[in-house]
Amino acid sequence: MHELSIATAIVERATELARRHDAAGVEAVRVRVGEMSGVVPDALRFSFEVAREGTVVEAARLVVEEVPARARCAACEKEFAVGTPPFLWCPHCDSPTTRLLSGRELEITVIELAEATA
Amino acid sequence: MCRVIDVRQAVLARNDALAGALRKELASRRTTVVNLLSSPGSGKTALLERVLAALVERGVPVAALTADLATENDARRLARSGAPVKQVLTGGLCHLEAAQLRGHLRGWLPADTRVLFVENVGNLVCPAAYDLGETLRVTLMSVTEGEDKPLKYPMAFGLAHLVVLTKNDIADAVDFDRPAFTGNVVRVNPGVGIVPTSARTGAGVDGLVERILAVAEGAAVHRPVMAGRVREGRLLQDAPDDVPAGQR
């Protein structure tokens, strides 16, 4: 259950940006969470609600975009869904030499700041 | 009214940057970090006792930092090897982070240390996400834990540079299905090495020590498929030197 640490890192980054841009608050934080990132989106949403309390991010929505894990086979060049649990062998030619295309994302994409009302 | 700020940054960017800096700093004084991940009860400490003793006997300056939620029992056990040992109590936190490790090393780690073992908190979920500045990430599992564990904890096994099987002396007694285990490991981490060991009999310990020493001397480390790295929305496969070990 490291989602709380992850959520805290998100809140810290959003707080920094809000301060730097002199924003009154944060309306939304958009994140991408890969299927193989090791983070459970529901646990992250719950943790975010705890982590944001008492910060400028307090009223912000967390918008999670889930990214499926996909890989490309280096041998036959076909793409495939890695699945859960992951299978990093090519289902077309049974070759182990695959390259990951997506699925490990754990990133903040966009932060929407509320304008100061002054 | 709202303003949209394009961030495009890894959530753990700060930890990754700290880990990268720590790796560089330690490399400049020829210290290699080995990060040990496993479930509680897998025999991490017992194996590490053996490995430390073997390295001390060979005259290699080693040190170990062991993290637990509570108690200093592990540090007491490891200190019997004669190597410098430090116990870190996480006070309930389920994993170590680079900043914590850096803080604990300051003023403690002897300058001539060649290999520093970090025994992470017994947990196969959370520690997998945090780069600690290690060069070698080792995931351990005992024969009593079930052949399908690599599928249940794909991140821990998928991001490992080396997989170590422990308690191998009782494999037959518990009907451990070795081919099934190997199949599950390579399913999530094609090409990774697997080293069977027994802390009780000492089998496999020398082989493991040789591998660790080779890495400390600069031998290439396995690069897991799962270690593709996301930066600015793209996955980078051909990792430059500053890429976190867990993501190489």
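Cβ from N, Cα, C; glycine included.
Quick look at what TrEMBL annotates:
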BINDING   A:HIS2  Ni(2+) binding site
BINDING   A:CYS73, A:CYS76, A:CYS90, A:CYS93  Zn(2+) binding site
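For A:HIS2 (Ni(2+) binding site), the nearest neighbour among the listed binding-site residues (A:CYS76, A:CYS90, A:CYS93), judged by C-alpha distance, is A:CYS90.
The subset of binding-site residues A:HIS2, A:CYS73, A:CYS76, A:CYS90, A:CYS93 lying near chain B, with Cβ atoms under 8 Å apart, consists of A:HIS2.
Listed binding-site residues: A:CYS73, A:CYS93. The one with the lowest count of other Cβ atoms within 10 Å of its Cβ is A:CYS93. Figure note: comparing Cβ neighbours within 10 Å for the binding-site residues A:CYS76, A:CYS90, the maximum is reached by A:CYS90. Excluding A:CYS73, A:CYS76, A:CYS90, A:CYS93 themselves, the residues of that chain whose CB lies within 8 A of the CB mean position for the Zn(2+) site are, in sequence, A:ALA74, A:ALA75, A:GLU77, A:LYS78, A:PRO91, A:HIS92, A:ASP94, A:SER95, A:THR98.
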